[in-house]
Amino acid sequence: MSSVVVVGTQWGDEGKGKITDFLSENAEVIARYQGGNNAGHTIKFDGITYKLHLIPSGIFYKDKTCVIGNGMVVDPKALVTELAYLHERNVSTDNLRISNRAHVILPYHLKLDEVEEERKGANKIGTTKKGIGPAYMDKAARIGIRIADLLDRDAFAEKLERNLEEKNRLLEKMYETEGFKLEDILDEYYEYGQQIKKYVCDTSVVLNDALDEGRRVLFEGAQGVMLDIDQGTYPFVTSSNPVAAVSQSVLVSARPKIKHVVGVSKAYTTRVGDGPFPTELKDEIGDQIREVGREYGTTTGRPPRVGWFDSVVVRHARRVSGITDLSLNSIDVLAGIETLKICVRYRYKGEIIEEFPASLKALAECEPVYEEMPGWTEDITGAKSLSELPENARHYLERVSQLTGIPLSIFSVGPDRSQTNVLRSVYRAN
């Protein structure tokens, strides 16, 4: 059986949750491999909209195993809240598995994220203030607290006390703000651990057994390649690696098991937070796309910046993440725009460049070189195949595929699960 990775090709919010939910129907295990509750997934089916941040999108299928992998950072309070959110809607979570090696986000991570962002002032990154960066910093510094520690009260208390000495000194001396007391955190978070205890296990065993048995595993990335700490618009990035290659290194052994990588894009571009954005629209067309596309971040609620489709960005994502299949979302949002534009390359200091620059300064000075295409006015939200799309819409999809170098496998004409159309199976043998 083929196993598949789903990654975002832009700056997140491309609709990965919807596509993962759709592909979950034919998978047997769905695993998230990085990030935390800074990511937001919106899934809509049967007229109901669900919003998740930590739990994999496949949770709505009772017969699928859903995994929160060891590469994630988990806010136990947020996780317990999300579990309650699902239970209130009669969604079973008995199929959830949580890695005992995933790192824990604690109140001091949230506080440090907030005060550091405030300290940066005009140089702020635009963090979601969910404690993600500080938690990954502790992981790299080898002082992090893991889920396994959270379940052992004595081990948790010992590590928490040691960490609070350092964190309080930092908060009080550098940021001139109040620190935390051990008792403010210990009992509450230990109780959260007890509430999730039944889901906790060694998820590498779950995943390797599934792969060895030939079961279909779907690896679900969060954010997007352009927010990858190595390959994205550093430092305006997240603190982990959304790129597909990391899915194996943080979840399973190094044996090659992934057959296909699905790159999810919008038919335009959005970005939440700061940093250079070459194709950004600051006019009425941008406002129209934002409103028609209901563009507000699932996690932050912030209205994103909006721009034309940037093939330079998606080509970069294809190269660094090994993308084999393109899933293009929100095509319906572009209806009614007379002339559409696609960025095909950049102009930098009078020179044409085809590749995405590593230098943030250079990127900020890049001008997009556009190719114009005629738009369409028809309502395409009911289209079930390429042949049902207007000619101009078909040409737009074909051109995006050509410019990115990625064959189009899925296209979406609305937010509902039923508005997703498959041109070729991503679970194919080769």
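Numbers here mean position along the shown chain, with the first residue as 1.
Glycine is no exception: its Cβ is also placed from the backbone N, Cα and C atoms.
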Residue from Gln195, Gln223, Gln288 that Swiss-Prot also lists as binding IMP with Asp13, Glu14, Gly15, Lys16, Asn38, Ala39, Gly40, His41, Thr128, Arg142, Thr238, Arg302: Gln223
Rounded distance in angstrom between the Cα atoms of Lys18 (GTP binding site) and Thr128 (IMP binding site): 21
From Asn38, Thr128, Gln223, the binding-site residues whose CA lies within 10 Å of that of Glu14 (GTP binding site): Gln223
C-alpha spacing of Val413 (GTP binding site) relative to Thr128 (IMP binding site), in angstrom: 29
Separation of alpha carbons, His41 (GTP binding site) and Asp13 (IMP binding site) (Å): 8
Cβ neighbour count within 10 Å of Lys16 (GTP binding site): 29
Rounded distance in angstrom between the Cα atoms of Gly12 (GTP binding site) and Gln223 (IMP binding site): 4
